[in-house]
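J.: Take a look at the following structure, please.
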Amino acid sequence: MRFLRDWCIVSVKGPDQFATMGADLGLLIGKMNHNTLATSEYDSVVNMNLFVALLCACIVIGHLLEESRWMNESITALVIGLCTGSIILLTSGGKNSHLFVFSEDLFFIYLLPPIIFNAGFQVKKKQFFRNFMTIVLFGAVGTAISFTIISFGAINIFKRMNIGSLDLGDFLAIGAIFSATDSVCTLQVLNQDETPLLYSLVFGEGVVNDATSVVIFNAVQNFDLSRITTSEAFHLIGNFFYLFATSTFLGAGAGLLSAYIIKRLYFGRHSTDREVAIMILMAYLSYMLAELFYMSGILTVFFCGIVMSHYTWHNVTEKSRVTTKHAFATLSFISELFIFLYVGMDALDIEKWSFVQDSPGKSVGVSSILLGLVMVGRACFVFPLSYLSNLTKRNKNEKITGAQQVLIWWAGLMRGAVSMALAYNQFTRSGHTKLRGNAIMITSTITVVLFSTVVFGLMTKPLVRLLLPQSKNMSLIACSEPTSPKSFSVPLLGNPEAEPHQNGSALCPSSLLVFLSTPSHTVHYYWRMFDDAFMRPVFGGRGFVPYIPGTPIEQSVHNLTPKEDNN
């Protein structure tokens, strides 16, 4: 009755009272939404704090296990991620196991660029360009062979296992997903100083391999697979070479533009922060431009890092050189830990495992078959292509030995975040799936990534010491070469055999026979002439650093330059 009385009073007071009540109701709803939003934001802040704390734990534990023969930081992050996922799964009552939902954009746009750029910025250019043809052979042709074998095996085996409604596009996508080696894992396992040849081959192959796998994956998604013709196959091959060339030129162009801007404007006379900022932003811009124009951002940012290390890095002040070297390495290091930590937590995602709980044996069988196809597919190109590569090399020291071939095959068996991102792109929608076949492929991908990273990663270091006992001697030789970016005084296409002799004269290729017998020497000779005559005077580099009178820092660096050249 009281409600009716109040309602009558409201009715008597007229429509203004209704407006007041509506305003109050709207304010109440707004406060409720604000409280809900605040709760959501608070949960995000808590999750972020926990994740950052876990990253710190990975760094501390990785440091304590640095001298371990078996462990490395990637495996440490995976194990911590698994433990954390288990704790979250238990505390949430079996509903959730991770702090964030996996996003391909997070991986490809924010985490992968600093890793690949730093690899190009720090890579030893001597070893990389000396083995460039072998790297391209492994990364392009080898990936195509691996893709064919894995796809063929998946089509013929999985169709008989009745794992779900998968079509031809899904099977071809599986071939592209599991053809992508994980260069991040390889960087953590191999050491650039201990095994320079292996590092340059495996990592260089990994960069080209990732780009090739992504190109094949995108082609599978975009092409009409119901009618595949010879012309479309050649179009796919031509598209790859087009992407490889344009992505390389875009990365090199971005690096040269940054070198020219810093050399001409010389930000260091006023602020070293601007120098560092322009290098970071130009590197990231090259990657985003490549993605904008549907090129390979991986190749673009990698070659941008190489060109920046050869030209731009010498145009900045001494403080900026130290800052950029450590800044790029730190960003790459944190991104690597972030990826492995998340993969470890996402491995226990209950939503995906609930679809395969009724047939765990089938899930294990699919994972085992995929792992076997990965091993067979890699073996089918590593050993034959190594044989072909050795036929083109006259120097025995440049040939890939049998032990090195085994290590290249083994180190490339690891699968990681690239395979995870492609699998999520193909078999989920916004990180979720409701189809049994898609869930089986996601859980199988997680299993293969975990098994290959942990098991193969644990065994790689002992295997290197077993097959290459002379690696200590190799490390001494490698340490005699200045390490990047201090080695940026070395020519971009450096070759120790092509260095000037003690009398100051360089070997000059005077005939076609010399070119055919030592092509890398000949290419290096003409590149160095072109670089010294045209490139360095315009874009800077060692020996062409701008000198501004009246700046004490640059004057001291200018006075030290001849002493550094003599060392």
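Sequential numbering from 1, following the chain as shown.
Just so it is clear, glycine is given a Cβ too, placed from its N, Cα and C backbone atoms.
No curator has checked TrEMBL annotations; they are predicted automatically.
Reproduced below are the annotations present in TrEMBL:
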| type | residues | note |
| --- | --- | --- |
| TRANSMEM | 45-65 | transmembrane segment |
| DOMAIN | 54-465 | domain 'Cation/H+ exchanger transmembrane' |
| TRANSMEM | 77-94 | transmembrane segment |
| TRANSMEM | 106-123 | transmembrane segment |
| TRANSMEM | 135-159 | transmembrane segment |
| TRANSMEM | 240-262 | transmembrane segment |
| TRANSMEM | 296-314 | transmembrane segment |
| TRANSMEM | 326-345 | transmembrane segment |
| TRANSMEM | 365-385 | transmembrane segment |
| TRANSMEM | 406-427 | transmembrane segment |
| TRANSMEM | 439-459 | transmembrane segment |
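Show me how these features fit into the structure around them.
T.: If you look at the transmembrane segment (106-123), the same-chain residues 6 or more away from its ends with a CB under 8 A from one of its CBs are 100, 183-184, 187, 192, 200, 203, 207, 283-284, 287-288, 291, 297-298, 301-306, 308-309, 328-329, 331-332, 335-336, 338-339, 417-418, 420-421, 484-485.
Here the transmembrane segment (135-159) has long-range neighbours at 128, 166, 168, 171-172, 174-176, 178-179, 200-201, 204-209, 211-213, 216, 240, 244, 366, 369-370, 373-374, 376-378, 380-382, 385, 388-389, 408, meaning same-chain residues at least 6 beyond its ends whose C-beta is under 8 angstroms from one of its own.
Within its own chain, the transmembrane segment (240-262) is flanked in space by residues 140, 208, 211-212, 215, 268, 275, 278-279, 282-283, 285-286, 289-290, 293, 295-308, 310-312, 315-316, 538-541, which lie at least six positions past its ends and keep a Cβ under 8 Å from the stretch.
Beyond the transmembrane segment (296-314), the same-chain residues lying 6 or more positions past its ends with a Cβ under 8 Å from any Cβ of the stretch are 108, 112-113, 116-123, 125, 128, 207-208, 210-211, 214-215, 243-244, 247-248, 250-252, 254-256, 258-259, 262, 279, 282-284, 286-290, 321, 324, 328, 484-485, 488, 492, 535-536, 539-542, 544-545.
Only residues 6 or more beyond the boundaries of the transmembrane segment (365-385), in the same chain, are considered here, and those with a CB under 8 A from a CB of the stretch are 134, 137-138, 141-142, 145-147, 149-150, 153-154, 157-158, 161, 163, 174, 178-179, 405, 408-409, 412-413, 415, 440-441, 443-445, 447-448, 451-452.
Outside the transmembrane segment (406-427) by six or more residues, the chain places 102, 104, 107-108, 111-112, 138, 170, 173, 176-178, 180-182, 184-186, 189-190, 195, 198, 201-202, 205-206, 209-210, 213-214, 217, 221, 339-340, 343, 346, 374-375, 378-379, 382-383, 386, 400, 433, 435, 438-439, 441-442, 445-446, 448-449, 452-453, 456-457, 459-460, 463-464, 467-468 with a CB less than 8 A from a CB of the stretch.
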J.: So which residues does the transmembrane segment (326-345) touch in its own chain, when a touch means Cβ under 8 Å and the partner is 6 or more beyond its ends?
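T.: Distant contacts of the transmembrane segment (326-345): 51, 54-55, 58-59, 73-75, 77-82, 84-85, 88, 97-100, 102, 107, 110-112, 114-115, 117-119, 121-122, 184, 187-188, 276, 280, 305, 416-417, 420, 446, 449-450, 453.
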